[in-house]
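Here is what TrEMBL records for this protein:
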| type | residues | note |
| --- | --- | --- |
| DOMAIN | 21-107 | domain 'Pyrroline-5-carboxylate reductase catalytic N-terminal' |
| TRANSMEM | 204-229 | transmembrane segment |
| DOMAIN | 249-383 | domain 'Ferric oxidoreductase' |
| TRANSMEM | 249-271 | transmembrane segment |
| TRANSMEM | 292-313 | transmembrane segment |
| TRANSMEM | 347-365 | transmembrane segment |
| TRANSMEM | 386-407 | transmembrane segment |
| TRANSMEM | 419-442 | transmembrane segment |
Amino acid sequence: MNKNSSNTMALAPNTSNKRETVCIFGTGDFGRALGHKMIQSGYPVVYGSRSTQTSSLIPKDAEVLSHAEAAQKAAIIIIAIQRQHYNFLTPLAEILHGKVLVDVSNNLKINQYPDSNAEHLAQLVPGAKVVKAFNTVSAWALQSGTLDASRQVFVCGNDTEAKQTVMDIVRALGLTPLDQGSLLAAQEIENYPLQLFPMWKFPILLSLGLTAFFFFYCLIRDVIYPYIYENKDFSFFIAISIPNRICPVLALILLALVYLPGVLAAIIQLYRGTKYRRFPDWLDKWMLCRKQLGLVALAFASLHVLYTLVIPIRSFVRWRISSQIISQAQNNETEPLNTTNAWLSDSYVALGILGFFLFVLLGITSLPSVSNNVNWREFRFIQSKLGYLTLVLCTAHTLVYGGKWFLSPSSYRWYLPNAYMLSLIVPCIVLVLKFVLIFPCLDKPLTRIRQGWERNPQYSE
């Protein structure tokens, strides 16, 4: 009878009018918010506290008792206190024996202790069934009801029945439980709220480093050099001209860095003759953050488009155009149209438009709401085939823009090439390597390796 009712609760937790009493140790912000949410969901709530005096902050339908009295009234006890205060639970070990203890605590920094808070709690009260849950949900989200950003609740524990009971409570609160396995996963779960954009760290640091490098590089070539040798003050280039050089350079380099690890992985697999060996850690981490690298590259490309659109309204550009017109009028001559330059200019703009269009398409399809609506083959076609086409178009866009200056000595100031020349190094390496890898003599064995074939089967351990 009990088993059947438990299964009914698991399938439809909201259909039962009478719910089991839940005890909450701790009357802080999170304990009060969680208790209020549970009362709204039909759970009788009793608080265990050092002070049994009622407060206006405590939900009015909840009862406040001592820790021992509250623990005796419920089989499920939520520990909403910090780890350093767990010692008071030791004298209650007999009362807590066989009860479900839900640890909701977090730490101040990642891996603050050798073991997780939940594992430490299990050691303090060995007779209890410890479950880790609710630590990724904030008190503010529970109070305000805005749970869209934190609806997932990670749950782990060694006792399957206790874990299922907690997951039923999670569902009853309108949240989504995710079973993470045994209590060994508790430390990883406790680290989740402390991570600040973990997959964005490398792309952001890399882009900041490259931005600083190319800023000072362009500053030396385009501002300091003319000031020293030509006595011209081009310091205003810092506002638009230099950023409009940096943004396309970084967009192209970062886009190439999205596809470089895939090429390196293919070379490693060809060399090893198997796909059943792990890549080096640096390559694994690099491949995991390719999406973030691509989105940062798209951001720089978008800035480049915006900077380019404002070029005609710049004072410097309008002054230069008017000076050319006045000069032609004074000399009574008209400069004829150079069709070669016109073709180069139009080709450069056309390649940029097409490249940016595909760039945006790659960014849109990387969004979860879009990628979930395409199958794996479609997603791979867009991100791989169209991705390489985007890289080709953007590289060609840069080559057409300044290809004629590669052999011009005047373009090397202090023997330093223009920034766009440096930006072509990584993309050209990627495209050349990819072009080599599509040769049948390399593509066929690589395809076989990725399908499971091994040159040396002893590596398939």
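Glycine is treated like the rest: Cβ placed from N, Cα and C.
Predicted automatically and left uncurated, TrEMBL annotations should be read as such.
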Interface present between the transmembrane segment (419-442) and the transmembrane segment (204-229) (three or more C-beta pairs under 8 A): yes
The transmembrane segment (419-442) versus listed stretches 249-271, 292-313, 347-365, 386-407: most Cβ pairs under 8 Å: 249-271
Taken over the domain 'Pyrroline-5-carboxylate reductase catalytic N-terminal' (21-107), the model's mean pLDDT: 89
Per Cβ pairs under 8 Å, the stretch of 249-271, 292-313, 386-407 packing most closely against the transmembrane segment (347-365): 386-407
Within the domain 'Ferric oxidoreductase' (249-383), residues counted as helix, strand or coil by DSSP: 110 helix, 0 strand, 25 coil
